[in-house]
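Asks: Structure in structure tokens, see below.
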Amino acid sequence: MMDDKDLEAEIHPLKNEDKKSQENLGNLPKTEDNLKNKPVPSRLSRCRTVAFFLSLFICLFVVFVLSFIIPCPDRPSSEDKWRLDYDYAVTYDFLALGDVDRDEVQDVLFLYKNTNSSNNSTRSCADEGFSTPCTFMAAVSGTNGTVLWERPLAQDVAHVKCAVPQTRDSKVSSACVLVGRLGSFMAVNFFTGETLWSHPRSFSGNASILSPLLQVPDIDGDGAPDLLMLSREGQEVSGALYSGSTGYQIGHRGSLGVDGDGVALLHVTRTGAQYILLPCASALCGVSVKGLYKRITGRDDHFKEDPSWENMLNRSAHRRLLHSSGAVRYLMNVPGKTGQDLLLVSSEDCKLLDGQDLVPRWTLGATQVLRKPILGHYKPDTLAVVIENGTSLDRQILLLDLSTGSMLWSQPLPSLPGAPPSTSLMTADHRSAFFFWGLHDPVSANEMDPQDTQHSLYMFHPTLPGILLELANVSANIVAFDAVLFEPSRHAAYVLLTGPASSDVPGLVSLTKHRVRDLVPGSRVIHLSEGSSDSDQAIRDRFSRLRYRSEV
């Protein structure tokens, strides 16, 4: 039988709920006390939350706007190839590179001599006071080959040095400094071609200039490196210093006391002393910049001398630093372990000299070096020197380890006299791609007129030591050549300047650019040794995949 309480609960189900509600009401004050004890979110906390979400929304909105609404700035689209022609002109063995129009693509500067002013120039030879023909300088866009600026600069040019480095805080523009054959000495703005300064030469018209113009640290405190010009008259070599920003002579001319007859080099010893090095027949002569500066200004507050070098020079009657086994032909500074070393090429041998004590590190004997060596990387981050040994059909390309002189690679590659120099470009694997010029058909070269012989451009990479890639064939007379990284890590190309072989016979002058990667698919694969299992197309694909990087 059902209990009375259960029966009542079944008949009046809400009655118990009312009792529970009353019990809960009785406990309400305690609950409210507990709620009052709980922390209530402050206004500052709410403001922080609102600020956070507002900032997040703004950031997302900005990202959206930058990504989808505002277009990216137009990047100049570099053409794979272009060509610029000048009729009835002659040109010079000179190419300079730099970003003239500041579009992050390298541009090309060159010289040509023309009777008529170009359509790209607003000034003629007569406007600048020259008779026709006169020498023009032109800056050409590396992007598409358009002329950025062009103007007549001299009656004829003997020497030119472009893009003189300036300090960051200097107000002096980078410049091209030109020395004319008939007495002019001037500098023009690298970016606009406008004249920065112009003066007559300070030495006799019978004197010949010893190239190149040497650059010395700032003497007159104007923030620009200054210039040292050496000239030879008779048996005497003299030098003069000029301000890099104004062109005015600093002091007077002074004799070096040597009978040098070749290209001068400025060398820095381990102590930081600067010396002018000159080939003197079968010897190497040296003069301290400090000593020359003291002679021409009467002051000795700039530069320093190296005691050990002064001892070597004082022991010689004619300021000879060392004697060579043959006539000194080329001299160049190369990176050493603790500073600059010297690579000396004579008519008998090639040797690397320690940059401080001039002791040979290695010697390559019985050489007949065709032209000034170049540097590259055969192994990753390890410098190699490229030597073109022999002449004409007997020429060999030698790659030597710069630090030890050991042979890394060699290959016969016949050429004709006057062929363009070799060059190299660093690749992404920290090696170098090397570019050599040679004869397309050495067998028939002896039977052909040199003017009808084709020069071939060959490409070599150390990862494929048994392969040469023939990229192009050129029958025109090549005046200047260089391989250039026009955009960092984007594309490499070669620049070719062709023109008449004689400056007395005007003709067609052409400046051309060709992208290396676009030449690879149509190239000819030359196997130097047996055993390569890759097909020619696979080899071309490997060359096409090469990526290039800047040296610095």
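Every residue gets a Cβ built from N, Cα and C, even glycine.
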Asks: Of Asn116, Asn120, which does Swiss-Prot mark as N-linked glycosylation site?
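Replies: Candidates were Asn116, Asn120; Swiss-Prot attaches N-linked glycosylation site to Asn116.
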Asks: Go through Asn314, Asn473, the listed glycosylation sites, and name the one with the sparsest Cβ surroundings, counting other Cβ atoms within 10 Å.
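Replies: Across Asn314, Asn473, these glycosylation sites, the one with fewest Cβ atoms within 10 Å is Asn314.
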Asks: Do you know offhand how many angstrom separate Asn314 (N-linked glycosylation site) and Asn473 (N-linked glycosylation site) by C-alpha?
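Replies: A Cα-Cα distance of 54 Å.
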